[in-house]
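Worksheet for the structure shown next.
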Amino acid sequence: MSSIADCNGLDKLPDFTEIIVIRHGETTWNASRIIQGHLDSELNETGRQQATAVASHLSKEQKVVAIYSSDLKRAAETANIIASTCNLPEVILDPALRERHLGDLQGLTLRDAAKLKPAAYKIFVSSKSDGEIPGGGESLNQLKERSVSCLERIAKKHKGERVIVVTHGGLLRELYKHAVSANTTEGKVHNTSINVFLISEDGNWTIKTWGDIRHLSEIGVLNNAFGGDRTSG
């Protein structure tokens, strides 16, 4: 594995797959600081505008051959907007790209979660990676295992090619930690931020781009929105 590095020429090597990982557009629940997890919220108007903006940006770059997405609505809708703009024939839905399952906390605001489900909330805000959230929730280790396995499977299928993956903030943070062999991530993962990973045939990961939101200069982002930091969404 590798940290963020000078990637000049690296992405042109045929044994690397370039995976452009996008967080879904904003939802009303993001703006209201409601814990989503596997609950199926939809994009709000700002989220659709963000998806359109990132799609336009990506359409001007080097051609991609495929687009994958979480099967949750907020990600799939974002992916469909990108696919249409980038002339990709279909979105390949994969449940392995879903957000972390947050068990008993799903559907609660952060404030209510701390009051109503204190045991689950304690695990949620803990830095321990092996804590499973009550109510069928996942640990961070479980999230990391399925997300890394999914991206490596995609990389093997598309050796030497560029693909897009649309997913969620919590999953993106686990991908970052895997790539740099760290326990923390750099900054907040904003809605529709562009994050580019290079994955080699022998399993070496390099981060080419992290947290690029230049395409949102006119639309903007909610800095206090839920998800993409130590929370998930």
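Including glycine, each Cβ sits where the backbone N, Cα and C put it.
Just so it is clear, the model here is predicted, and its values are computed rather than measured.
Annotated substrate-binding residues in TrEMBL are Arg23, His24, Gly25, Glu26, Thr27, Thr28, Trp29, Asn30, and among Arg74, Arg98 the one listed with them is Arg74. Cα-Cα distance from Gly25 (substrate binding site) to Glu99 (active site, proton donor/acceptor): 14 Å (rounded to the nearest whole number).
According to DSSP, Trp29 (substrate binding site) is assigned to a helical segment.
In this structure the C-alpha atoms belonging to Arg74 (substrate binding site) and His24 (active site, tele-phosphohistidine intermediate) are separated by 6 Å. Arg23 (substrate binding site) falls within a strand segment according to DSSP.
Around the Cβ of His24 (active site, tele-phosphohistidine intermediate), the same chain contributes Leu43, Gly47, Ala51, Ser70, Leu72, Arg74, Ala75, Glu77, Thr78, Val166, Thr167, His168, Asn191, Thr192, each under 8 angstroms and 6 or more positions distant in sequence. Between the CA atoms of Arg23 (substrate binding site) and Glu99 (active site, proton donor/acceptor) there is a gap of 10 Å.
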